[in-house]
Every structure is written in C-alpha cells, then in structure tokens.
Amino acid sequence: MSHPALTQLRALRYFKEIPALDPQLLDWLLLEDSMTKRFEQQGKTVSVTMIREGFVEQNEIPEELPLLPKESRYWLREILLCADGEPWLAGRTVVPVSTLSGPELALQKLGKTPLGRYLFTSSTLTRDFIEIGRDAGLWGRRSRLRLSGKPLLLTELFLPASPLY
C-alpha cells in the first residue's frame, strides 16, 4: 500500500546548498531537534498513521541508496505524522540491515511510536547532514542520522496543513 504523500516525498528535488529562504521556514527545515516535539509544542496531540513497514531490497530505495551502505536488505518505514488526527508530515525512514543490531533493533519495533521519540532520547544520535527539498510547492528535507555510528536516512515532506506554511 502507498499513499499520495509518499509518492510526492519520493519526488522531492534537493538543493545543492541551503537556499536563501524566510527565516521562519528555515527554522522548520533545519530543525536539529525532534519534529514530533516541535509539533507537540504547537499544542497538538501527535500520532502516527502507518503506511508501510518491512524489509526491502535495493531496487525499492533508489533515491536513498547512494547515501547509505550497499547491503542486501533495508528496513523501510513509511508513515504520516498527524497532529490532532490531521496529517502534517509524511516520513520515510530507510535503515540498512547492519544498523539493526544491539539497541538499534528497536527501530523495527516502533509501531505507532513516532521515530523522534526514539531517536532523540538516544545519547548516541548524530546527524551527518540536512538537505532541503521541494516538489510542487511543498517543502521537505532529508537527513542521514547515526545511532552509535550506524547510519539511517530520514526523509520528511511537510504536508499542506503543517504550520511550516
């Protein structure tokens, strides 16, 4: 099963450099902290609608593959992050199978828990980069994060109801 927001997320085109944008827009797009937490700061109840979760092969992650180690399988999680039931963000997380060891095995068991609630409680979290993307008037971003030095790629598309707009 897919969702139109995830199709648009995969269509994001990324800027080579951080574009000169309104400071409020950049504040959202370059946020280093948890987007879940930022949404909750808007006074909203945040929930996850699961679209897809499971192992995939390289041919299912062509956009992410150049940014991750080449492996036989990857854990893919596609969700809508909702605020008071309204979708504000589409998220796609790709995790190499080699990342799924030790405490990071929990990435497979998040269920309806927002990824940010797990990631931003880890003292081993680092971020390699944030890239800003755009498609058809919507903004997004992708980040390569590391847990205990092990990579994962998170792509987020801000949906029209999001306070980013």
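Cβ atoms are placed via backbone N, Cα and C, with glycine included.
Record features, source Swiss-Prot:
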- Met35, Arg77, Leu115, Glu156: substrate binding site (BINDING)
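Here the features listed in Swiss-Prot are painted onto the structure.
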| residue | record | DSSP class |
| --- | --- | --- |
| Met35 | substrate binding site | helix |
| Arg77 | substrate binding site | strand |
| Leu115 | substrate binding site | helix |
| Glu156 | substrate binding site | strand |
Please list residues from the chain of Arg77 (substrate binding site) whose Cβ is under 8 angstroms from its Cβ, counting only those at least six apart in sequence.
Met50, Arg52, Glu53, Gly91, Arg92, Thr93, Val95, Leu107, Leu110, Leu115
With an 8 Å cut-off on Cβ-Cβ distance and a minimum sequence separation of at least 6, pull the same-chain contacts of Glu156 (substrate binding site), or say none.
Leu9, Met35, Leu89, Ala90, Gly91, Arg92, Gly140, Arg141, Arg142
For the substrate site as recorded (Met35, Arg77, Leu115, Glu156), determine the largest distance between any two Cα atoms, in Å, rounded to the nearest integer.
16
What number of additional C-beta atoms lies within 10 angstroms of the C-beta atom of Met35 (substrate binding site)?
24
